[in-house]
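Peer 1: Take this structure, written in structure tokens, and hold onto it; I'll ask about it next.
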Amino acid sequence: MRLALGLLAVLAAAAASQATDKQHSYRNFKLIRINPENDATLAYLKSLYEEESPYTLDFWQPPSHVGGVVDLTVAPSDASSLIRDLSARGIHYIVAIHDLQKAIESERSVASWAHPPKGFGYERYNSLDEIYNELKRLKRERPSLITLIDIGQTHENRTMLVVKIGGGQNLDEDAPSIWMDAGIHAREWIAPATAMFIVRELVEGYETDPKLQAMLDHVPFYILPVMNPDGYEHSRTMDRMWRKNRRPAECHNKEWHTVCCRGVDLNRNFDWYWAGNDAPHISASGSSSDTCHDTYHGPAAFSEPESIAVRDFLEAYPPKAFISLHSYSQMWLIPFGHRRRSYPPDYSSALRPLAIKATKALEAVHGTKYQVGTGADLMYEASGGSHDWAKGALKVPFSYLIELRPRNTLFGNGFLLPEREIIPVGNETWAAIRVVADEVFSQFAQPFLRGKAGKKPEPLTLHKLGHRVTSTEQTTAASRSETTVVETEEPATVPTTTTTRTTPTPKTTTTEAATVEPATLSTVSCEDYGSYCRLWKVFNLCDRRAVQKLCALTCNPQCRV
Ligand code: 0X9
Ligand code: ZN
């Protein structure tokens, strides 16, 4: 009898372990879309999001303000009670997806299902191995253009791989550069796919586009296509809707049972008002201390190997632009997102004008419209975000978080963007990022080149952190300087949005005037032959007849290079 019971226990344990190893099915899960029309609805949705809820819910777009779309999924067992509850409260909703599992299956193209392709494809959602193999292939083909840098290991010992494109030989560690990461949130698959599209644009464009070549020679891109490799693989193999990293579970007692949950939201783990700390007057907002919550901020700022690796790399090689790719909702987000109406000093003079220029270029490609503003103003407050940290602590001049397609309108499938949209999203996003890159080149490459003109070029090294490229020497993180945060009533100009939210209309007065940095966008009058003219002027070549002819505007002494 005892043996039989023992055997039963073993079998039960085996069954349980099998059950946890099985891929999560979302059969008949629903995606409910609600436009909260009043404060009562908003308060009710917030209580479901922030407090213990009787339903199994996953908020894809959390509640923030009246008029801000809320997307949530509900398990089939809870769907009818939730819907009854919403109806009883007079809350209008639509069921945007009736069977989430079906939507997950139709995210992949028919061809992918019928004949699962082997190897990497730019028009597909690829595995981590496929992505890394493609980066290695590109490196083999163009060893002088591409450098692969191992910046750290994850909880599950996966490598975090940065691809550096450009730079040339006469670059030093202070040279201007552009950082782009994607996939900090595991389930946002369009982000790594877009990062890889941009890798290809840069690599191929280097050979075919002289302007791009000139830019990349002096302003390299550092791209981390999958910032959360463990989460990404978990989302591909076990649970499509996984968001966090895979930090091992921490258990705690809750009433009469023990709860163990894995993972930290890496975009709440950066040291920018982490957990709402550092500012006692601000309530901890937009992140959770509950290990089971999707926005769990971790036990401390930079507690996670992934955020540590990114921080250490960026502190060693601080870029001039920081871009983090997410999905979804078609928003170009500017710091700061930890608190409403909080802006860096150059918000209106530099960050926002460039964001508007970039999103106009994006719209010109396929007509896709983006909203521009801070995450806190347009969506919800969230502390510990990487793009806020990049701007506020690291002082990166241009820092943005891009929420890619789709918009959360009636028919969008949220995180489940069909594979056929990967290339269009890549094309339009690249057009926008090119605008940022051009601006970085014209603002920051010229002083760098000037400084180097009289000096012997230094060979390129990547030794600061002992990344796998050269040595293994480890240096301590650079100390961070005091931060300037301008908390104004409003930014200097009205954010370009089509949102229906009811924030007060921005006035045109601001506390910003006194703190505006000289960084303004370059004058168009110098654009006659693109970046070559600016370079030639920097190198004092305007006395050459050919340069004068090609660069009449740039060579004009009035022209600000
Ligand atoms: O919540 C996030 O981390 C981002 N949205 S996502 O759906 N991709 O997870 C947005 C962060 C932007 N910042 C603020 N909203 N404050
Ligand atoms: Zn995200």
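Backbone N, Cα and C define each Cβ position, glycine as well.
TrEMBL lists these features:
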type: ACT_SITE; residues: Glu403; note: active site, proton donor/acceptor
type: COMPBIAS; residues: 469-481; note: compositional bias 'Polar residues'
type: COMPBIAS; residues: 482-513; note: compositional bias 'Low complexity'
type: DISULFID; residues: Cys533-Cys551; note: disulfide bond
type: DISULFID; residues: Cys542-Cys555; note: disulfide bond
type: DOMAIN; residues: 124-440; note: domain 'Peptidase M14'
type: DOMAIN; residues: 526-559; note: domain 'ShKT'
type: REGION; residues: 469-513; note: region 'Disordered'
type: SIGNAL; residues: 1-19; note: signal peptide
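Give me the local environment of each listed feature.
Peer 2: Summarising the environment of Glu403 (active site, proton donor/acceptor), the number of other Cβ atoms within 10 Å of its Cβ, over all protein chains shown, is 24.
Using a 10 Å Cβ-Cβ cutoff, Cys555 (disulfide bond) registers 21 neighbours.
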Peer 1: I want to verify one value. Collapsing DSSP to three states, which class is Cys555 (disulfide bond)?
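Peer 2: Note: Cys555 (disulfide bond) is helical by DSSP.
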